[in-house]
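According to Swiss-Prot:
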- Cys35-Cys60: disulfide bond (DISULFID)
- Cys39-Cys56: disulfide bond (DISULFID)
- 35-60: motif 'Twin CX3C motif' (MOTIF)
Amino acid sequence: MDSADPQLARFLHQLQAETQRQKFTEQVHTLTGRCWDVCFSDYRPPSKMDGKTQTCIQNCVNRMIDASNFMVEHLSKMNGGSA
């Protein structure tokens with residue numbers, strides 16, 4: 001059983017890494033969808049992204065990240081942890 005422990009640990013580490021990658025990908029898709037809806041009112045991609053649209057997307061993503069970080073910090077404090 002001892003020889004299986006390193007294999008199990010390696011497998012669990014790989015599983016955790018893959019789960020994190022999937023969560024990150026899901027968050028990117030969510031941000032893309034929400035910010036697309038906010039910044040592209042006609043739902044069509046422009047032939048060239050202008051400065052106004054680029055700024056809108058940057059601000060949208062930054063606000064979503066800020067909100068996510070705020071929620072994580074708040075939940076951590078509620079659970080007695082420190083952020």
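A Cβ is built for glycine as well, from the same backbone N, Cα and C atoms used for every other residue.
The two recorded residues Cys39 (disulfide bond) and Cys60 (disulfide bond) have their Cα atoms spaced 8 Å from each other. The local packing around Cys56 (disulfide bond), expressed as other Cβ atoms within 10 Å of its Cβ over all shown chains, amounts to 16. Each residue in the motif 'Twin CX3C motif' (35-60) gets a DSSP state, and the totals come to 15 helix, 0 strand, 11 coil. Recorded residues Cys56 (disulfide bond) and Cys35 (disulfide bond) have their alpha carbons 8 Å apart, per Cα-Cα distance. Restricting the average to the motif 'Twin CX3C motif' (35-60) gives a pLDDT of 84.
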